[in-house]
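Below is one structure, written out as structure tokens, with a few remarks after it.
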Amino acid sequence: MKGHKSINYWKSEYIGRTLVTLCGIVIVLTTLAIIAFIAGKGIQSFTVSGISLWEMITSTNWSPNDGHYGALIFIAGSTLVSIGAVLVSAPIAIALAIFMNYISPKFGEKVLRPVLELLVGIPSVVYGLLGVSILVPFLRDSFGGVGFSLMAGIIVLSIMILPTIATLASDALRGVPPQLLEASYGLGSTRWQAISRVVIPAAKKGVMTGIVLGLARAFGEALAVQMVIGNTIKLPEALTSPTATLTGVLTMDMSNTLNGTAWNNALWSLALILLVISFLFILIIRFIGNRGGEK
Amino acid sequence: MFKKWKRASFLLTLVLIMGVLAACGNDNPNDASSSDGVGAEISGIVTAAGSTALLPLADVAANEFMQKHSDVSVTVQGGGSGTGINQVANGAVNIGNSDVPSADKIEDEALAGQLVDNKVSGIAFGIVVNEDVKVDDLTVEQIQGIFSGKITNWKEVGGQDLEINVINRPASSGTRITFDKTVMKDVKINDSIGTNQDSNGAVENSINSTSGSISYLAMSYLVEGKDTSLKIITIDGAEPTTDDVANGSYPFWSYEYMVTKGEPKGAAKAYIDFLVSEEFAEKVDQMGYIPMVELMDR
């Protein structure tokens, strides 16, 4: 009898623990393997193919057929399009979060939240298709040019990251202790004063995290942006001019270049640059998190 | 009772997975040569991957070939010419489909020496414009002017006053490399004008919706019913047809290659032979490609 009990105990205690630990180890190993692989491939263009890192990140001359691998246009394109998307999206998302939590919680819970969840679930190729078939012709008719433009990329991306920022901002606002709100009402503030002066500053950390996550998502998005931005290898002169992004050039050229060629190595370096930048975003999130915790 | 069933179905799944894994393990090129079938019934597995331009033809050929030889299984995938050559060089597939000779893509000469480029068909490309463009013929020099950015308005080449919107393929695309080699020659394509679209479908879409636009598309995308809204322009009066390519007047075409590691053997050889055969030539022509039999004397 005692033995039976110990088998049961062994089952319930150790099997679960082993499984969970194993999953944790697998995830860590996978992440490390991906980083090691991309870094290993990415530095080959500098170590094997003899491309200069400085040229890659400062030159705008990308013509692989002549051996020039300046990626500044793509870095600038990715940065502009994702910052633009956050600038459009963040104010709307924060407004939505305030509305959901303080202005009309019932409507927010019943309608807005499900709608935002639906928006998250729409695959990016659908956003891209809608962008190509509706947004691009609309922009062409109203602003001239070919329609494929930085602006089209910003609009598509801002719709894509809106739910991310709104959901996180909403969670942050919900986490603000009600006592703060009551105290500010007690001091005689109006609802709007309470929201703008007390609740939002108190939830700043969560809101900022949402914004940085949105920025990271925008930076890494490939398909939808590639479909509407035009992929012209040129720095954009205006919101209406087409340009290219890091992810766009990767998806366009990766399958057509051969392993081990300078061109292919340069593309891996672009992937490495993407990875480094997304790590920077994660560092920023952690930094924001830590600073909030010390208060 | 229920538990038993669960266990049985679990075992069955396991066996199936093992079976599939074992079958995948057979994918290496040597297995395709398991029967060198001269005269005998051919059998084996042929895997092909690569060029999306060749994909439709390779697919149809695979189906017809498998109907004739029930013991052969042919699977064809896309992925781009680079992927095709990569995979065949690594031994992952038997055949790598490519729009360009393998030597054009591969830098490692030792590896390039092992690969054999089998020509399986020709393919012509059309210069296509939006239907609002009132130009029907361009000379090679005019096309070079347009894509290098010297000519920016249709009135400069005999059309109406309308801005030219250039649509390119990305620099690594097989179609663009052919365009570069056969039409642009020494003139450089200017990448900072117009837009880049990464597939034939996206090009078709953009031309349709952008006024004054010009680009180039494989004729296999423009046959029967697909050509309704796109206008194909003649080059120096020659059309992208089998006849004009065969008699040498139309410049914008290339071979399609099925690259093998070493000379093709067994089922892979039979499949390639079937693709270039006289009996399949009519289908090749119908699908917008140029049968090899028409290109014999070139």
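Cβ atoms here come from the backbone N, Cα and C positions, even for glycine.
The transmembrane segment feature in TrEMBL is assigned to A:20-39 (among others). Within the chain carrying the transmembrane segment (A:20-39), a Cβ under 8 angstroms from the stretch's Cβ atoms is held by residues 268, 271-272, 275, all 6 or more beyond its ends.
If one looks beyond the transmembrane segment (A:71-103) by at least 6 residues along the same chain, the residues whose Cβ comes under 8 Å of a Cβ in the stretch are 56-60, 62, 109, 112-113, 116, 150, 153-155, 157-163, 165-166, 169-170, 172-174, 191, 195, 199-200, 207, 210-211, 214-215, 218-219, 225, 229, 233-236, 243-249, 266, 269-270, 273-274, 277. TrEMBL lists A:71-103 (among others) with the feature transmembrane segment.
Positions annotated as domain 'ABC transmembrane type-1' by TrEMBL: A:75-285.
Annotation comment: TrEMBL describes A:115-139 (among others) as transmembrane segment. Cβ atoms under 8 Å from those of the transmembrane segment (A:115-139) belong to residues 96, 145, 147-149, 151-152, 155-156, 159-160, 162-164, 166-167, 221-228, 240 of the same chain, restricted to positions at least 6 beyond its ends.
Proximity of distant same-chain residues to the transmembrane segment (A:145-169), defined by a Cβ-Cβ separation under 8 Å and at least 6 residues beyond the stretch ends, is recorded for 77, 80-82, 84-86, 88-90, 92-94, 96-97, 100, 113, 116-117, 119-120, 124, 127-128, 130-131, 135-139, 203, 206-207, 209-211, 213-215, 217-218, 221, 224-225, 228-232, 236, 238-243, 245. Under the heading transmembrane segment, TrEMBL lists A:145-169 (among others).
Here TrEMBL flags A:266-289 (among others) as transmembrane segment. If one looks beyond the transmembrane segment (A:266-289) by at least 6 residues along the same chain, the residues whose Cβ comes under 8 Å of a Cβ in the stretch are 35, 38-39, 41-46, 49, 51, 56-57, 64, 69, 71, 74-75, 78, 205, 208-209, 212-213, 215-216, 219-220, 246-247, 249-250, 253-254, 257.
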